[in-house]
Amino acid sequence: MIERLKIAKNRLEAMNSFNFPAQDRHERAPLLGSEYDHSMARQLSLLNVVGMTKSVLMSSYFNLMLVFVPIGLIAGWFEWNAKSVFILNMLAIIPLASLLSFATEQLSIISGPTLGALLNASFGNAIELIVGVLALKRGELRIVQSSLLGSILSNLLLVFGMCLVTTGIRREITTFNITVAQTMIAMLALSTATILIPATFHYSLPDNANSENALLHVSRGTAVIVLIVYVLLLVFQLKTHKHVCHDPSEVEEETEPRILGLRSSIAMLAIVTVFVSLCADYLVGSIDQLVEEVNISKTFVGLVILPVVGNAAEHVTAIVVSYRGQMDLALGVAIGSSIQIALFLAPFLVIVGWIISQPLTLYFESLETVILFVSVFLVNYLIQDGATHWLEGVQLLALYAIVVLAFFYYPQ
């Protein structure tokens, strides 16, 4: 037994003389390596998050305005005066809208062309949807209607007019897809009809409770029909006539580089939506006191201020692509957005109001109805030949200026 112990001792001394690690050190070596690997993985993950955050923040100059997000939330939480709450949260929504568009674009790149186009169509007017739902919950039906109409007019007249002027700076005549233009003309006509018919129906009935109830039923029935048409429009654009409605060269040239993964895009979309909802809630909640302090009408706030601010990032995009000569893209952003609001967002909010017992209708005041009809008529006339120039853009901008002037003096 003693001899065996001596032999084992000699072997251990021999191993140590050749710098072989002892058994206990050998067993600890993999554990130390594992801890090192985990530490490196955490550092790489942190660097990856920092890199993605930097890329997201540098994706648009509008992100410099993100500083207004916490300030706007603080102003709303501590109930500052209405003007401060409204202005700060209005400024906060601008970069949030840009981030929402960025997250949607990243998700669409991952999802593929068809599903990506559907995502862009669904989230294209997310700001108007969020503001509309929050205003609807508060019973601010006038804000909902005026913001919908204002978004349509700002896209048709202001944005499309600026696109025509911008592209006219570099080109004498600009052409675009005549098939897409004709389809949009038909959809704009249907959009106008969904507002003209309820207005005419209202004026043809006596002013009593039964008439209001009948108008509500007509609006809700119209909303269901129009939503079906909108779904069929998506099928037309994304499936059956995809080759006609989309220019592959323009889509390829305008595709953004992929920065975020699937989970990162979804997480960013969810987080930004939450912040938009918070800022929009404070924004809508301050309107009643704001119109009393500043002495302007709710119609002007909803029809002019909210649409321009909420779509600022999208408006800039349309102007930039039109300057590059990509008028089909500009047409899709400007007029396509108006069609989406009229055929999807407005009827969808009517259905939401139906569900939560808010009597939102598609009936607009006579001045608003006439202005929409004139605007759609002018745009239809300008795009029906598939070519345009800068003077036509000036005409659209002039009409928008007249509309703003009229609603500035519109009584409360």
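Keep in mind that glycine also has a Cβ here, set from the backbone N, Cα and C atoms.
The membrane topology recorded in Swiss-Prot places Glu105 on the side opposite to Glu292. Residues 125, 128, 191, 302-304, 306-308, 310-311, 314-315, 318-319, 322-323, 325, 327, 330-331, 333-335, 337-338, 341-342, 345, 364, 368, 371-372, 375-376, 379, 382, 388-397, 399-400, 403 of the same chain lie 6 or more positions beyond the ends of the transmembrane segment (149-169) yet place their CB under 8 Å from a CB of it. Note: the stretches the transmembrane segment (56-76) and the transmembrane segment (265-285) are in contact (3+ CB pairs below 8 A, sequence gap of 6 or more). Within the same chain, residues 60, 62, 90-91, 93-95, 97-98, 101, 124, 127-128, 131, 142-147, 149-151, 153-155, 158-160, 162-163, 166, 287, 290-291, 329-330, 333-334, 337, 368, 404, 407-408, 410 sit at least 6 positions outside the transmembrane segment (300-320) and bring their C-beta atoms closer than 8 Å to a C-beta of that stretch. Remark: the transmembrane segment (84-104) makes no contact with the transmembrane segment (335-355), by the rule of 3 or more CB pairs under 8 A. The transmembrane segment (216-236) shares more Cβ pairs under 8 Å with 335-355 than with any other stretch in the list 265-285, 335-355, 359-379.
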